[in-house]
Each structure stands twice: as C-alpha cells, then as structure tokens.
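**Student:** According to TrEMBL:
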- C:9-32: transmembrane segment (TRANSMEM)
- C:44-66: transmembrane segment (TRANSMEM)
- C:87-109: transmembrane segment (TRANSMEM)
- C:115-137: transmembrane segment (TRANSMEM)
- C:144-172: transmembrane segment (TRANSMEM)
- C:192-209: transmembrane segment (TRANSMEM)
- C:221-241: transmembrane segment (TRANSMEM)
- C:270-292: transmembrane segment (TRANSMEM)
- C:304-321: transmembrane segment (TRANSMEM)
- C:333-356: transmembrane segment (TRANSMEM)
C-alpha cells in the first residue's frame with residue numbers, strides 16, 4: 001500500500017514537472033484576432049490584414065484600442081508567418097468573427113482562403129463572411145464610427161442585416177456547404193464605405209468560388225425570399241397603381257416558399273410559390289386604408305411585382321450559369337441519375353421558371 | 001510509550017489487590033478519605049471530591065449510614081436511598097466505579113470488600129438549539145455531551161421497545177461509552193453486524209468524539225469523502241433509525257453518527273422534509289448545482305483563460321481581456337492565491353469568537369478583495385467567481401462534506417492549469433471512479449445513481465411528496481420494506497365525494 | 001473447472017443494456033460518417049441501419065452460444081476445441097481486445113492533439129490514462145460497470161446538443177433514397193464496423209450477469225439504441241454537410257459541435273471533446289477488464305498481474321503509433337480483425353457448436369443434457 005502511494009506521488013510529480021511545458025495561450029498574452037481581410041497584391045500575391053483589440057493602461061481604467069497588421073505573401077500560411085513577425089504577441093485565430101474578402105481577390109476565387117481557415121480547428125464555423133466593395137484592408141483599418149468594440153462591430157452589422165433586413169443569411173458553414181455542393185452556388189453580403197460609414201450594399205453572387213456580380217438591396221430581398229423563410233423583416237415597396245404612385249411599408253413580414261419541379265414537359269419547369277404575410281405600417285397614398293378593396297389591390301400589386309422580379313432574376317441566374325437559389329438541388333432530389341456536369345451544361349439551361357407570390361396583409365397597423 | 005505502559009499494567013493486574021488500588025488513589029490530591037465510627041467498627045469513606053456531588057453525599061448518604069442496625073457493610077448501605085450501589089471484592093470494580101464518581105466505604109477490619117455508592121456530579125449542560133445544522137423549521141433540540149441524555153432524546157421520539165441499544169466501552173485510556181442504536185425488525189442484520197464488528201475490533205487508546213470514532217470505523221479510511229454522517233439533531237437520528245439505519249452515540253460527544261449512507265444523502269437537509277416538497281426539491285437541486293459550481297467554477301476559469309480562449313462568448317471577451325490585461329501572473333497563480341485567501345478567511349473566522357469572526361469575514365472579504373483587484377494582482381471576474389464558489393460550498397448541509405468539497409477544488413485547479421479542459425475531465429473521471437469504489441458499511445456509496453435503483457430516486461435529487469415515499473430506501477435492505485400501504489394512499493375519490 | 005461467480009460480484013441483468021450501448025458508443029461516433037459516405041453517399045444512413053440490423057443478429061448468436069455453453073467464451077472454446085487449441089483462440093481474442101483498447105485510446109489522444117493541444121506528448125496522456133484505468137479496472141467488474149453506466153447517463157446532454165446544427169439542415173440532400181446499389185450500401189455498412197464493435201465483450205462478462213438467460217432483451221435494446229443514435233447522427237450529418245464537404249471533414253461529429261453556440265459559451269466542441277472522455281474511459285476499461293479476465297481464465301493467473309501487463313501493452317501500442325497514417329492503418333487492422341471475428345467467426349462458432357452437440361448427443365445420449 002505504501003509503495004503504491006509512493007509510486008502514485010512520484011508519477012504525479014513527474015507529470016507536473018514534464019508537462020509544465022505545454023504551450024499556454026493565456027488570454028492577455030496573445031493577440032486575439034477578431035477580423036481578417038484578404039486582398040490582392042499584384043498579379044499573384046495575397047494581402048492579409050488582421051485586427052485585434054489591445055488594452056492600454058490609463059490609471060485605473062483600461063482603454064481598449066485596436067491594432068491592425070498587414071502582410072503580403074503568396075499563400076495564407078505564408079501571410080500568417082509574416083504577420084506573426086510583425087506582432088508583439090502570438091496571433092491566435094480562435095475568436096475570429098468576421099472574414100472580409102476584397103472584390104478583386106474574390107474574382108480570382110476564394111476557396112483557398114476560406115478552406116485554409118476551415119482547416120484551422122480553432123476557427124469557428126459560424127463566423128461571418130462578407131465581400132468588400134473595394135479593398136478589405138480599407139474597411140478593417142478604417143475608422144469604425146460608433147466606437148463599438150472592435151471585431152464585434154462588423155459582424156454585428158452584417159448579422160443584424162441578415163436577421164432583420166435585406167440580405168440572405170449566410171456564414172462560413174453555409175458558404176462552404178454551398179461551395180462544396182454540386183447543385184448550389186454560394187453568395188455573400190457586400191460591404192461598402194459610404195459617406196465614411198460602413199454599410200451593406202447588396203449580395204455578391206458566386207459561380208463556384210468565383211465572384212460574378214452584385215445584386216442590389218432590392219434584389220437581395222427577392223433572393224432572400226426565394227432561398228430562406230424570413231421572419232420579422234420590414235420592407236418598403238413602391239407601388240405604381242393606376243391613379244397614383246405611392247409607397248407602402250410592410251412590417252413583420254413572414255414568408256415561406258414552396259418549390260417544385262415539373263419534369264413532365266419537354267423542358268423542366270421550376271416553380272416557386274412564395275407566401276408572404278405582413279402588416280402595413282406606412283402608406284403615402286391619398287386613399288384611406290379602410291376603403292374597400294384597397295388592401296386587396298395593394299396585395300395584388302406587390303404580388304405581381306415580386307413574381308415578376310423573381311422570374312427575371314431566376315432567368316438571369318440561369319443564363320449566367322450560376323445557381324444561388326439551388327434549383328439543381330431540387331432537380332437532384334427528383335432523379336436517380338444525377339450527373340452534376342450534365343445538369344450544369346445542358347439541363348439547367350433549358351429550365352423554365354414560374355413564380356407565384358401570395359401576399360396577405362394581415363391588419364393595417366395599430367393606429368388609425 | 002503509552003501502549004507499553006498499558007501492557008505492563010495488564011500483566012500486573014492478576015496480582016493487584018484492593019489495597020493496591022487504594023494506594024494508587026492516594027497519590028491524587030483530590031482524593032479524600034476519612035474515618036467514621038459506626039456502632040463498634042471503624043469505617044473509611046473515600047471518594048474523589050472532584051467527581052462527586054458533595055450535597056448528595058451529605059444529604060443522601062451520610063445521614064443514613066448511622067441508622068443501620070448492624071454493623072456489616074451490606075446493612076449499612078441498605079438504607080441509603082440511592083439505587084446504584086454495590087458490594088464488591090474486585091479491585092477492577094473499585095477502580096472503575098470510583099473514577100466514575102462513586103463513594104467507596106470499607107470496613108477497616110475487613111479490607112477485602114468494599115461498598116460502592118453512586119454520588120456522581122452531573123455536569124451536563126442544558127439541551128440547546130442546534131448550531132452546526134441550524135434550520136428554521138423543525139425541532140430545535142440538539143445533542144449534548146451526555147450519552148444518557150442523548151439516548152433519552154432519541155427514545156422520546158421513538159417510543160418503541162424495538163429500539164435497542166448495545167453498549168460498549170471503547171478506548172483503553174478514555175474508557176468511552178459507545179452505544180449502538182437500531183430498530184429491531186427494520187435494520188438489516190448485515191449492516192448492524194458490520195457496525196458492531198468494526199466497533200468491537202477497534203483498538204485505540206483514546207476516543208475523543210464520535211466524529212473521530214467515525215473516521216476509524218469508516219470503510220475506506222484513505223478516502224477524502226466522509227462515508228458516515230454526523231449529526232447533532234436527535235430527530236435526524238430517529239428518522240434514519242426508522243428507515244433501518246444503524247447509529248451510534250459516544251459519551252462526551254454532542255454528535256451521533258449513522259450509516260449506511262449514500263453520497264446524495266450528504267446534500268439533503270432535514271429541513272427538506274419540513275418544507276413543501278416543491279420548495280424542498282428546488283432547494284435540493286440548488287444544492288447539487290452549487291456543489292458542481294463550487295468544484296468546477298474556478299478550474300474552468302483557469303482552463304479557459306490559460307488554454308481555451310475560444311470558449312469565451314464574443315461579447316464577453318473584451319470584459320475578460322480588460323480585467324486580465326494588467327495582471328502579471330498566469331491565471332492558475334491568481335486563482336490559487338484567491339482561493340487560499342478565502343480559505344484563510346474562513347479558517348480565521350472559525351477559530352475566532354463569533355463576533356470577531358464575522359468582522360474578520362466582512363473586513364477581510366471586502367478589503368482584501370478590493371485591494372488585490374486595485375493592485376492588479378487578481379482580476380475582478382475571478383474575484384466574483386471565487387467568492388461565489390466559496391459561498392456555494394457553504395450550502396452543503398453536512399459539515400464534513402463541505403470541507404471535502406472545498407479541498408477537492410485544488411486538484412481540479414491544478415489539473416486545469418496543466419491540461420485545460422481535458423485535465424478537468426480526467427479529474428472528474430477519477431473522482432467518479434473513486435466514488436464508485438466507495439462503500440458505506442459495505443453498501444454502495446453512489447446508490448441510487450449506481451447501482452441504479454429507481455425506487456430510491458423518490459428521495460434523492462428531489463424530494464417527492466410523502467404519499468409517494470411508501471417504501472424505505474432499498475439499499476438499506478430493511479426487513480420491513482413498506483412505510484404504509486401505497487395502494488390505499490393512491491385510491492382516489494370521485495369529485496365531491 | 002468453471003467456478004461459478006460469487007453472488008456479490010454479480011450485477012443486475014438490465015445493466016447489460018448499458019454495457020452493450022456504452023461499449024459501442026466511443027471514438028467511432030466522432031468520425032464514422034466520412035467512410036460511409038465515400039461508399040454509399042447520401043444513402044449512408046441506410047448502411048448504418050443495415051449494420052445495426054446485423055449487430056442484432058450477432059447478439060442473438062452470442063446468446064445462443066452462451067446459453068448452450070453456460071459459461072464464457074473461454075469455456076466455449078475449451079468445450080469445442082479442447083484445451084490447447086481453445087486457449088490459443090481465447091488468447092487471440094484477448095490480444096484483439098487489447099488492440100481495441102489501444103486504438104480507442106490512441107484515437108482519442110489524437111483528437112486531443114489535433115483539436116486542443118498540438119504539443120501534447122502522447123506518452124504523457126498514455127501514462128495518465130494508465131493510472132486512471134488501472135484504478136478503475138482494479139475495482140473489479142462492478143466498478144467497470146458503474147463507470148460504463150455513468151458514461152452512458154452523464155453525457156446524454158451531448159446528444160441533444162447535436163440537434164442544434166439542424167438550424168442549418170437541408171433535408172433535401174437525402175432524397176431520393178436508394179440512389180446507390182445494394183453492394184455500395186453494404187460496403188458502407190462494413191465501414192461502420194469499428195463504430196459498432198465492442199458488444200462482443202458480452203462473450204466474457206456474461207457469467208457476471210444476474211438471471212443471465214433473460215437478459216437478451218436488454219442487450220438487444222442496447223444495440224437498438226446504439227443503432228438509433230448512429231442513424232440519427234448520420235442523418236443530421238447528411239443534412240448538415242454537402243457530400244464533398246463531408247469527404248473533407250475527418251471528425252464530422254466534432255465539426256457538428258462547432259456550430260453549437262450557447263449564450264455563455266461561444267464554442268462547444270472543446271467541452272464536447274473533454275466530456276468525451278466519459279465515453280472513452282468505460283470503453284477502454286471494459287475491454288481491458290475482459291482481456292485480463294480472459295488471460296486469468298486461460299493462464300490461471302492473478303487478474304491484477306494480467307491487467308498490469310495488458311495496460312503496459314496498451315500504453316506501448318499507443319506510444320508506438322506516432323502519426324495519423326499509422327493510427328489509421330492500425331485502426332484498419334483492428335476493425336478488419338473485429339469484423340471477421342464478430343461477423344464471421346461467431347456465426348461459425350454457432351454452427352460448430354450445433355454440430356458438436358449433435359455429435360455428442362448421438363454418442364452419449366442423455367448424459368450431455370446438462371451442457372444445454
């Protein structure tokens with residue numbers, strides 16, 4: 001018994017002595033990166049920008065500052081080494097929040113950069129991705145008005161817009177899901193600097209991992225309706241009715257979509273049915289909302305507007321050969337003979353679209 | 001040395017005579033003796049004046065001695081109105097009884113026999129309110145240092161002839177009276193035998209208190225976990241006896257010890273049975289939560305801040321970083337420093353008189369905590385965690401278990417500093433394995449968790465209403481399993497009938 | 001020859017549920033999806049169901065064997081093949097069990113090294129595990145069963161956490177079902193072998209169960225729950241990942257945990273990995289217990305010594321497998337051996353036993369009825 005105890009103590013001491021050298025990552029001795037940006041550097045090169053919070057001691061209060069480092073290299077790993085050389089503390093990517101990609105770089109293809117972060121186990125799966133209209137480094141090093149905590153500002157801005165507003169929801173996992181899916185193409189929100197403030201400009205569409213073009217805010221909303229069910233969003237519609245032009249603001253929009261594929265005809269027909277429920281909170285027209293049929297008319301106008309625009313967009317996507325709405329996925333689910341290449345090259349080009357929108361305006365506001 | 005001396009005494013014993021005992025007595029200065037002539041003979045009355053009640057001697061003993069008609073010892077003491085008296089020729093009896101407060105009377109003409117009359121001084125304190133296991137509701141009596149009073153307190157609650165008591169004298173030097181209590185017909189014979197066996201086999205010279213006795217007879221003495229419960233509340237003892245457990249009392253100790261017990265029982269307070277079951281159950285769950293919190297909070301802080309900064313919620317990150325940014329030590333040093341401070345305060349508070357202790361607690365807590373944060377030695381986040389963990393550890397109703405919980409925090413902190421989350425998990429696993437090894441009087445310690453006994457879950461993590469507690473705990477293997485007829489309790493009346 | 005086990009060491013019959021289930025859930029669950037998807041694509045969940053079905057049949061076979069022999073695997077071997085050949089076979093099984101323990105431990109250490117501590121030396125972890133496992137197994141079968149039981153009960157919340165990734169699920173991935181041929185699906189099933197292995201230890205602990213003849217329902221239920229868990233995780237993974245993404249992800253289940261986010265916890269996978277030790281430790285402990293018990297029965301040696309040597313062997317194997325490739329290769333060996341042992345050898349044993357019993361009955365008549 002005694003020798004056993006002695007053995008145990010010896011073992012314990014050994015372990016303590018020998019493992020004291022496990023690499024620690026004490027929170028105040030590392031640079032916790034919150035935002036990463038990728039840009040082009042010349043023809044082949046890559047420019048990587050990272051930002052992380054630092055704390056300056058000022059009396060009893062610690063003032064939070066922000067540090068930005070920038071490096072040029074050929075690969076992501078190379079850039080990380082160069083960045084480390086410029087940093088006071090080791091760089092850690094575990095609290096990475098936002099990943100920004102410059103427009104020019106995105107045209108070249110983004111798979112390598114995102115994949116390199118996906119492979120890094122310390123990087124989360126939910127991080128926010130965005131394309132930057134211009135250079136990512138400009139947004140990262142630029143002055144973030146509002147003085148909010150660094151790193152959280154950008155991701156909060158984008159998340160908030162995804163949840164409440166106009167751009168379709170995505171994050172690193174969903175981007176990769178679409179990217180590695182043979183029947184789907186990814187999209188990202190686009191950030192831009194306008195009047196010295198950062199804002200959302202629209203949605204960037206990709207074909208495979210290459211950035212193709214941007215959708216404006218209004219079209220982004222349509223894309224969102226076609227891809228995901230929405231909750232609690234608000235949207236403003238311009239109505240061109242017979243007598244007058246007016247603006248209607250809908251709030252608490254809940255939407256659902258149903259998609260189906262009809263393969264009975266010569267060409268497959270992809271049909272989307274979008275159900276929208278909302279409340280009018282603002283109406284600039286002269287008529288009284290209490291008036292008979294007015295709400296019904298507004299509903300009809302909005303329905304037409306959405307259906308028409310959706311169909312145009314779908315046809316545009318088809319003609320450009322990209323598939324952010326995941327038409328291919330629906331096709332795949334109806335066939336046992338799925339060949340991605342055949343689908344993309346021949347079948348997709350023959351698909352015809354049909355969009356039905358059902359708008360239901362529930363009540364016309366709490367105040368009359 | 002002591003043992004050797006005891007052994008020598010033992011060897012000498014056969015040759016010892018009454019006279020020898022008197023010679024030993026004579027060496028003490030509180031031993032007094034005087035001669036008195038009754039009838040024609042000369043008698044010697046002797047006693048230890050510190051052990052007897054002088055009033056009783058003068059009131060109940062001396063006046064009656066003279067009234068005897070004949071002058072032999074037996075008739076002399078016959079009229080003394082005290083029940084506990086005897087005539088003996090054994091030196092052993094003489095020694096033991098006089099030490100307990102008897103008066104020895106002998107005929108100087110016949111030195112071989114002695115009469116012994118009890119006139120002991122009762123120096124017991126009053127039965128007071130419980131202080132360690134205080135509860136708002138319920139009876140407010142607690143055990144005192146006299147075993148007879150204690151047994152009386154229990155018997156009052158269990159007026160049954162089946163409540164039986166087996167008494168031993170333990171401890172070669174202290175000669176402590178130990179009484180094992182059990183309810184015949186309920187108790188499992190095996191549990192009872194284990195307890196009796198262990199007590200009988202015990203060889204130790206001093207038994208100071210029932211808690212030290214409990215440590216000696218516990219199943220795994222190397223374990224940090226207490227395997228028997230101490231209590232100062234008589235109603236708790238009577239309650240567990242009625243479940244079929246075995247308890248013992250120890251003279252001179254205001255605590256009773258009972259077993260077999262399970263880990264879960266250490267976190268149930270008797271007050272749980274006095275409060276409505278919903279409240280009692282939530283309080284009990286709160287206690288389990290606070291135990292987990294108390295053990296794990298600081299280690300998780302250390303692990304997260306040393307290795308796993310990824311886990312910190314993104315909105316909290318800035319706060320944590322800001323609080324850590326000026327601190328020169330790694331989190332483990334910071335944590336151990338604060339934990340030790342808290343332990344220090346607790347220990348100082350416990351050793352000092354109540355009022356001073358309170359002051360120390362408040363002054364120490366506020367001043368030291370505040371100052372160390374301001375001086376940049378610890379982070380205020382950790383200060384909150386450690387203070388909460390300390391507070392949580394005090395919710396454990398059984399004092400011994402509270403100590404255990406405070407101590408096992410330290411290995412957890414160390415392994416968190418060495419291996420982060422994995423270290424905590426391994427430590428937890430080791431603790432679980434250890435708990436699985438433990439038994440209490442041979443019964444599994446982790447029951448009803450393992451072996452899983454669903455019946456006993458009714459009074460484990462939550463306390464079900466009494467109507468569902470129709471059977472006594474299964475692990476005790478009580479001879480009589482049922483408390484009442486469950487089916488009759490379940491019978492439902494129709495509406496309005 | 002076969003001493004009956006003393007009553008105080010027996011465990012309740014229903015605990016076989018936890019023994020079967022707990023032993024099957026272990027390291028394999030963290031990354032079995034990839035191999036299956038490579039063979040059976042989005043039909044992988046059918047492969048998993050199929051594998052589960054086969055496990056039920058094998059458990060039935062095992063009960064058939066054990067009930068007839070009224071002993072454990074060692075006595076079956078001795079009855080069928082005689083002392084020497086039988087014991088050799090038993091020894092092979094013990095070595096297999098040790099390898100099984102070693103591969104589980106090594107894989108877990110690898111996960112720690114990949115996900116948490118890049119610079120953690122393998123031998124440090126192996127030594128810690130050595131001490132812990134010795135402590136657990138030296139407590140006897142009851143202590144091992146207790147740990148297995150707790151290892152099933154405590155981590156239950158971890159399963160519920162796997163429902164959170166459903167936020168990103170695309171169940172359209174799954175249709176149409178049966179896109180792949182039966183043979184592809186069967187190959188996918190074979191890929192899950194290592195994840196389903198472990199229940200065969202029943203062959204060794206069977207004599208320790210109370211009312212052992214009537215425990216089959218619990219054993220089958222345990223295997224059923226395992227199949228259920230695996231199938232649902234497979235379904236979640238298939239809906240969560242796209243096919244190519246799943247092919248790229250080695251520890252798919254752990255990556256599922258990556259999207260779990262709680263208000264007080266940004267990333268869940270670190271907690272998941274740490275708590276996974278509750279799945280791993282009973283696994284290894286039970287395998288080690290069975291291996292040392294087998295050695296005790298074969299060599300008539302002290303089980304403590306057998307356990308010590310088994311642990312030394314496990315530690316040695318763990319330390320001698322430094323890289324991912326070698327771990328993979330060794331894992332393949334073990335799972336291949338396990339596959340043939342469980343899915344070919346055990347049914348074969350049933351056949352041999354039937355033949356031998358018929359033969360003995362023919363020659364000895366009623367005399368042999370007690371072996372029934």
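Cβ from N, Cα, C; glycine included.
Just so you know, TrEMBL annotations never went through curation; they're auto-generated.
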**Student:** For the transmembrane segment (C:333-356) and the transmembrane segment (C:9-32), check the count of CB pairs under 8 Å (sequence separation 6 or more) and say whether it reaches 3 or more.
**Tutor:** no
**Student:** The transmembrane segment (C:192-209) and the transmembrane segment (C:44-66): do they have three or more Cβ pairs under 8 Å, with pairs 6 or more apart in sequence?
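**Tutor:** Yes; at least 3 Cβ pairs under 8 Å.
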**Student:** Take the C-beta pairs under 8 A between the transmembrane segment (C:304-321) and each of C:87-109, C:144-172, C:192-209, C:221-241. Which stretch has the highest count?
**Tutor:** C:87-109
**Student:** Considering only Cβ pairs within less than 8 angstroms, which of the stretches C:9-32, C:144-172, C:192-209 has the most against the transmembrane segment (C:221-241)?
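**Tutor:** Between the stretches C:9-32, C:144-172, C:192-209, C:9-32 has the largest tally.
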**Student:** Give the nonlocal contacts of the transmembrane segment (C:192-209) in its own chain as ranges (CB under 8 Å, at least six residues past its ends).
**Tutor:** 2, 4-5, 9-13, 15-16, 19-20, 23-24, 26, 28-29, 32, 35-36, 47-48, 51-52, 55, 58-59, 62, 65-66, 71-74, 76, 93, 97, 100, 103, 141, 215, 219, 222-223, 226, 230, 283, 286-287, 289-290, 293-294, 331, 334-336, 338-339, 341-343, 346
**Student:** Restricting to the same chain and to residues at least six past its boundaries, which positions have a Cβ under 8 Å from a Cβ of the transmembrane segment (C:144-172)?
**Tutor:** 11, 15, 18-19, 21-23, 25, 136-137, 229, 232-233, 236, 239-240, 253, 256-257, 259-261, 268, 272, 275-276, 278-279, 281-283, 285-286, 289
